[in-house]
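Right, one structure below, let's go through it.
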C-alpha cells in the first residue's frame with residue numbers, strides 16, 4: 001500500500017495507543033505466571049499479535065475481551081511448541097522468546113520475515129549456551145532461523161548488548177531457572193528499555209541486583225504471580241506528533257501519556273523544548289506548540305527509535321543538528337541512518353551520514369515519491385515530513401504502520417491532516 005500526504009494544518013487532540021514495550025513484556029510475564037492475569041489497554045498491532053502467538057505456542061491462553069487480554073499463564077515450565085514459531089516482523093517477540101524457549105524441556109525453532117532473518121541475535125544465542133541451554137542459528141550467521149533446546153540452568157555469562165532486548169530477555173526469564181544467574185555487561189545501549197524491564201520485575205516482586213548496570217545478579221527458583229495492569233500510552237508512537245507540533249507552530253494535545261512511566265522516549269519532549277518548542281503538562285495530557293526551532297547536538301543512544309522523527313524535526317531547525325551515538329539504529333528493521341538520509345535527500349534535505357548518526361541542516365523540503373522500506377517508523381516519519389512541505393509525498397510499504405500504530409492515518413485525519421492510504 002501507499003500513503004499519500006499533502007501539506008496540512010494539524011491541530012487538536014490525539015489519544016496515544018498503548019505502549020509496545022509494556023504490552024509485549026506484560027504478555028510474556030502473564031504467560032510465565034501460573035494463573036489468570038488481565039492486561040487492559042494493550043497495544044493492538046501486528047507486533048503485539050506476534051507476542052501473543054509466541055506465548056500461545058508455549059502453552060498459555062490469551063483471550064481478547066473489550067480491549068483487554070485475559071491470560072491463563074503456563075508458569076515456569078513452558079510446553080514444547082507444536083510447530084516452528086514465526087514471529088513475523090517482531091524483533092522484541094523473537095528476542096524475549098529465545099530465553100523463554102530455554103526454559104522448555106525440548107526443542108523450539110524460531111523464524112520470521114525477511115527483516116527478522118537479517119537481525120542480529122548472536123550475543124543472546126551465546127548467552128543461552130553459557131547458561132546451560134543449547135542454541136544455534138541454522139545458517140551460522142547469528143540471525144534467525146534459530147534452534148533453542150532447554151532446559152537452561154543458570155550460571156555466568158558475558159553479554160554484549162548492542163540492543164537492550166538481549167538483556168531484557170535474560171532478566172525476564174532467568175528468575176525461573178534452577179540456579180542463580182550472573183550477567184556481566186560488556187556494552188549496553190538503550191538503557192531506558194532495560195529500566196522498563198526492571199520496572200516490571202519490581203512490580204511482580206522478583207529479586208535481582210545490579211552494579212550500575214554493569215553486572216546483574218538474578219536468584220533462581222523464583223515464580224511470577226498473576227497480575228492486573230493497565231498499559232500506558234506509547235511515547236515512541238507519540239514522538240511523531242511531538243515533532244509534528246514542534247515544526248508546524250500549531251498546538252497538539254497528546255493524551256494517555258504518563259510522565260512517571262520509565263519509557264525513554266519521553267526525553268524527546270525535553271529535547272524539543274530545548275530546541276525551542278513550548279511544552280505544557282496537565283496530568284496525563286501534554287500540550288505541544290511549535291516555535292522557531294534551533295539545531296543542536298543530540299545524544300540518541302537511549303532513544304534510538306526516535307531517530308527517524310528527530311531527523312525530520314532537524315530539517316526545520318535553524319542551523320545544524322547532529323544526531324549522534326546511535327550506531328544501533330543501523331540494526332533495526334532497516335538501517336535507519338542510511339534510509340532517512342536517502343529518503344529525506346529526495347525531499348530536498350541537506351543531510352549526511354555519520355558512522356553513528358546524522359548531520360542535518362535547515363532545509364526547505366518538497367514532496368516526493370519515497371520508500372518506507374517496510375519500516376513502520378520510517379513510514380510515519382516521512383509522513384510527518386510530507387505534512388509540512390510543499391507538493392505531494394507518496395510513501396510505499398505503508399502497511400508497515402500496522403506494526404506499532406494501526407490507527408496512525410485516522411489520528412492524523414482527526415486533526416485536519418490530508419493523508420490517504422491508496
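If you go along the chain as it appears here, the first residue is 1 and each next one adds 1.
Every residue gets a Cβ built from N, Cα and C, even glycine.
Record features (Swiss-Prot):
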ACT_SITE  305  active site, proton acceptor
BINDING   20, 91, 119, 165, 336, 377  phosphoenolpyruvate binding site
BINDING   20, 21, 25, 163, 164, 165, 305, 328, 332  3-phosphoshikimate binding site
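Sequence features annotated in Swiss-Prot and their locations in the structure.
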| residue | record | DSSP (3 states) |
| --- | --- | --- |
| 20 | phosphoenolpyruvate binding site | helix |
| 25 | 3-phosphoshikimate binding site | helix |
| 91 | phosphoenolpyruvate binding site | helix |
| 119 | phosphoenolpyruvate binding site | coil |
| 164 | 3-phosphoshikimate binding site | coil |
| 305 | active site, proton acceptor | helix |
| 332 | 3-phosphoshikimate binding site | coil |
| 377 | phosphoenolpyruvate binding site | helix |
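All protein chains shown were included, and the count of other CB atoms within 10 Å of the CB of residue 164 (3-phosphoshikimate binding site) stands at 25. Considering only the recorded positions 164, 305, 332, the residues lying within 10 A of residue 119 (phosphoenolpyruvate binding site) on a C-alpha to C-alpha basis are 332. Among the recorded positions 25, 164, 305, the ones whose Cα is located within 10 Å of the Cα of residue 336 (phosphoenolpyruvate binding site) are 305. The recorded positions shown are 164, 305, 332; of these, the one with its CA atom nearest the CA of residue 20 (phosphoenolpyruvate binding site) is 305. All protein chains included, residue 165 (phosphoenolpyruvate binding site) registers 25 other Cβ atoms within 10 Å of its own Cβ. Rounded to a whole number, the distance between the Cα atoms of residue 91 (phosphoenolpyruvate binding site) and residue 25 (3-phosphoshikimate binding site) is 13 Å. Checked against residue 377 (phosphoenolpyruvate binding site) by C-alpha proximity, the recorded positions 164, 305, 332 yield 305 as the nearest.
Inclusion criterion for the recorded positions 164, 305, 332: a C-alpha placed within 10 angstroms of the C-alpha of residue 91 (phosphoenolpyruvate binding site); this criterion is met by 332.
Residue 305 (active site, proton acceptor) sits 13 Å from residue 165 (phosphoenolpyruvate binding site), counting Cα to Cα.
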